[in-house]
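Annotation comment: Swiss-Prot describes 12-36, 42-64, 70-95, 102-126, 132-156, 159-184, 188-211, 218-243, 249-273 as zinc finger. The feature region 'Disordered' is assigned by Swiss-Prot to 272-322. The compositional bias 'Basic residues' feature in Swiss-Prot is assigned to 278-292. Among the features that Swiss-Prot reports, compositional bias 'Polar residues' is placed at 312-322.
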């Protein structure tokens, strides 16, 4: 029976039973463990997404701000990227015109591949070699690449529901998450207006900002700047456009060319070129129920309900101009 090729440089080996995966870096092994445990401990505080590593979360956070810190330095090029890998690929492909080709030297073949591992996998087909074997008991299926084997191994993995009395088992993590949201989603009701939330943090914020009138303040962290904002979006927009001069989102409308630091700002600007969108928005707003008027701002934490006592809030006057 065939065995997996083992790279001597991959010193970080998975300790789970029947798993032979190994990695060259500790963080890659840590991310791999998520496959076995189903845990994704790094959660985004701006959306519902979760990640296996802090690096993945940091890269994801850039999608909210629109910030692309790695800029191409080639003359006349204004492209920027969220990672060094993206920048490197851009430079090699666009400016250096590098196209790597790996040619099969098997007699009568001469097929070309962009990646060396693709060629290596292809040669295994010529020699009828299937070096990557599934180690799950009673299976024994073999594949030409580790990627194909990993894809196959997912049929053996299941994610059992942790709720008592529920026998659901997801074949994929996304399937398990969808089940959790559909069947076991927690419903938290506001005792002041009966509005329902699915996360305790959102309910707390709702009570503070809607019923108690508290306004959260985000202060600019740049030295010498006293600007404050009531939303994280406005603060990010201020820092990117005013302090760092980054405006990555450009209006595609002919003859416009205005640039914005945040994607949301570009979308709002698009109404200028398409007034019909504004009419539709107004029509939608008129159909909504009128929101409750917030109470006077609360400036003393002692007036907050006991369950919100631990929150640290700044209730000073805010400014909203970048």
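Every residue, even glycine, has its Cβ placed from backbone N, Cα and C.
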| query | Are there at least 3 C-beta pairs under 8 angstroms linking the zinc finger (12-36) and the zinc finger (132-156), leaving out pairs fewer than 6 apart in sequence? | reply | yes
| field | Highest-contact recorded stretch vs the zinc finger (42-64), from 12-36, 102-126, 159-184, CB pairs under 8 Å | value | 12-36
| query | Under an 8 Å Cβ to Cβ limit, what residues of the same chain, 6 or more beyond the ends of the zinc finger (249-273), are close to it? | reply | 65-66, 233, 236-237, 240-241, 281
| Remote residues contacting the zinc finger (12-36) - C-beta distance under 8 A, at least 6 residues beyond either end | 4, 6, 52-53, 55-56, 135-137, 157
